[in-house]
């Protein structure tokens, strides 16, 4: 027995040694990849140093430049190391947990998975399985949660972004990679922002964007995320970016509307740009430029191939062989600047518009424009003086305003910025500068802003402003004196924030338009995950609305609501019409009365169908007791289907007339007084209201007799 146990013990020892060796090898292999060691950095290295070392090593170990057999493997390790250390969040995760995944389900489980993956490493180059189709050039487009919210979202109000969602081992991403590269090479030079999100590393950002599968392509404009739903073709991606832009960016201009387009600077308070080209559609480059400067300049497009633009081409002497851009300010007859080039580039267009994005004398309509035109003093060499004309909107101020514009056009020094305000629109500012005085004529104030809190130094030009030659000379002398002696501005004041004169209604309409476009796009492509809150709100509102209508309908009905009137009531020669009474008050202001004859009695009462119960009131005489009585003024409401009727008895209200009679008794008086029929029906209206409410006593009958068989002895007497 001992001989058998000894070999078993030896086997157990060897098995334990083998397991220890395997575990040690696993640990060594797991610790083999260290991004800090690959890049030759310590954990205290800054992000700038990481980026610098990465660029140097990439140039050194690029397989196209390095003939070392291990250059390709080293290049992959360098790229992977930079993907970890070049991102702040990934680097923090690696330093804390020794991994990059954000979706942690337990440190021990992640450690086991990491050791298992590194122990059973597959050579990607041998199996030719590219992990994500991403090469070293894509690293500059990688986005994280912080970078997206701090850079992409604010920048999306000036240019659209095209973002690709990918992940490790995404084989479908490999198929769209060539098309994606072509689209990036075409759209990025035009001004489109490019981004890549690795959903495996950026779960938080993926949840914010609302994407949960790869590959996906998103567009971001004005902070709004739109999903690309078409097939991944370069033309579709280009059209997708173009559709992201607002629809009213560029206006088509012809001979008919160019005068109104250029003359809109009075209302828009912005210059106007006209692009002349021979293509029918507006180029995407021009739309992107218009989107970048939509808050400063109005953009129009002139198709040179149309006959409706010949007068424009002749008036401004446009060369039809190259695209031409004209920029107009206050003078609509002569462009303030012009540019013409065959290969119109984005940098050229943006620089051209940026240098002319203000009028010669713009009107201060909000605080943001005031901050840009009259910036706060930074240091002595960058003094900016604001020459402000306080004027009015009445026609009497127009000559002075035009003279101020002429003076500003001839004084184009960098240190001076000419502006104007309407006193009625900016009363707090005018009161601070004019000491709460209401001037009868325009005033010119020269000021310099000193602090963000509104502190400024200023001085008013003596004598006001009416546009005369003396006013121009006086203003010119004081501006020259100011440039020699800055202490000339001897008054100080705290300026309030300017009123926003932009119409809030138009801003709300534009926001609502974009919102409904988003809803339409989501409904069209069944993006249910993003549409669930909106659909829930819509269905809740509809449920409440219909529920309220149904409850109201049932609450208006009586306790015993008669069935509806038949769709095709029988028509006879003797019954041209009927009084339709239901649980609701009649819409007519009168009651139709039908003579009760043998024919109408049979058709309306005896042979009434069960599904067309009809209530009617008729005035007729019928005996109710064994002795003769006067039944004039009695009214019967007959329900033919349920076989009951309600009775109205006339009540004397005190008014006497002829045509009827009632017995009057009193001390020393006895006789008969005639009462008119209409006095007997004085309380008929109240009785009919109770009839509609269903509160009258009902007298049941076993069946409806014919008129020819009715006799005083066979008629039942109603009991109240």
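Count begins at 1; order follows the chain as displayed.
Using the three backbone atoms N, Cα and C, a Cβ is placed for every residue, glycine included.
Just so you know, TrEMBL annotations are computer predictions that nobody has curated.
Feature annotation (TrEMBL): of 490-511, 512-533, 534-555, 556-577, the stretch labelled transmembrane segment is 534-555. When the ranges 675-697, 698-720 are checked against TrEMBL, the one recorded as region 'Disordered' is 698-720. According to DSSP, the domain 'J' (34-98) comprises 45 helix, 0 strand, 20 coil. Looking at the domain 'J' (34-98) alone, the prediction's average pLDDT is 83.
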